[in-house]
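What TrEMBL annotates here:
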type     : residues : note
DOMAIN   : 9-311    : domain 'Malonyl-CoA:ACP transacylase (MAT)'
ACT_SITE : SER96    : active site
ACT_SITE : HIS206   : active site
Amino acid sequence: MTSPATALLFPGQGSQEPGMGRDLADADAAIMDLWKRAEKISGLPLREIYWEGDDTAQADTRSLQPALTVVNLSIFLSLAEKFMALSPLPCVAGHSLGEFSALAASQALAVDDVLELVALRGRLMAEADPAGKGGMAAVVKLPREAVEEMVSTTRESLGKELLVANYNSPAQYVVSGEKAAVEALAPLAKERKGRLLMLAVSGAFHSPLMAEANKELAGVMQKRTWNTPKLPVFSNVTGGKITDADGIKAAMLQQMVSPVRWIELVQAMWDDGRRRFLELGPKNVLAKLVQGNLTADAASYEIHSLGKRDAVASLTL
């Protein structure tokens, strides 16, 4: 079947919502089984937390990472037969945590290995900063050069860890590092007519402050089987396409301490001819980020969010 070249996008933290994935699981025993497998692997009552729990419990990265991965993969599995019949085959990409969903979808890693890794990743990230030393903030309404200049100046003047952790779009960046350094950016952003918005996270993700957590996760990753992906993978770490197992593994071993290069990634997918972008996860966070990165006429591409069973069922390819 000939169709617009498609990109499958898997979101990360911040895309969770109450009740996520329940409609798909109630309609498909295989998807309900995926939830049960994730609960067994993580040791957490994920369905109880996300289908019946409160916002505080649902924001805990230890449960959020395996639960959101299950939701992302539930949508993919519901449509996998259609996706694999496309010509050309779709590519995959995920934002931060979502990259693990992309690896399972591409079969670069086995699903159960991914569920194990995201459960471990969630626990390690939750425990990496017990003193609350690190923080993250979104910087909006400022160009890349201004954000990088503020970060460099502040890092050097305070002698503290600070870097741009997420290059999300030309209008949105996320900084990460020691909380005092992150907070020191607020007046600088205001002077430049921008804004700094502190994020409710438990640490300085995608920064050197995650080095010990990354070392432990990487040690487990090294022991897993990495396969040549069935679908091309666009990497957070490199911002480009990777089609071999060794390249994907090398990037993922550094993912937790490396910036998310989403701007470069979206451009690389566009340059690869991708003109239909499908977000496989709750909400529409990545759909908005893709739109914020594309300068082409909106009539020249498609963006769809597939967070609900109705949207999944009605998708035509």
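Cβ coordinates are placed from backbone N, Cα and C, and glycine is handled just like the others.
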Please work out the number of neighbouring Cβ atoms within 10 Å of the Cβ of HIS206 (active site), leaving out its own Cβ. 24
On the domain 'Malonyl-CoA:ACP transacylase (MAT)' (9-311), the mean of the pLDDT values is 96
Is SER96 (active site) helix, strand or coil when read with DSSP? coil
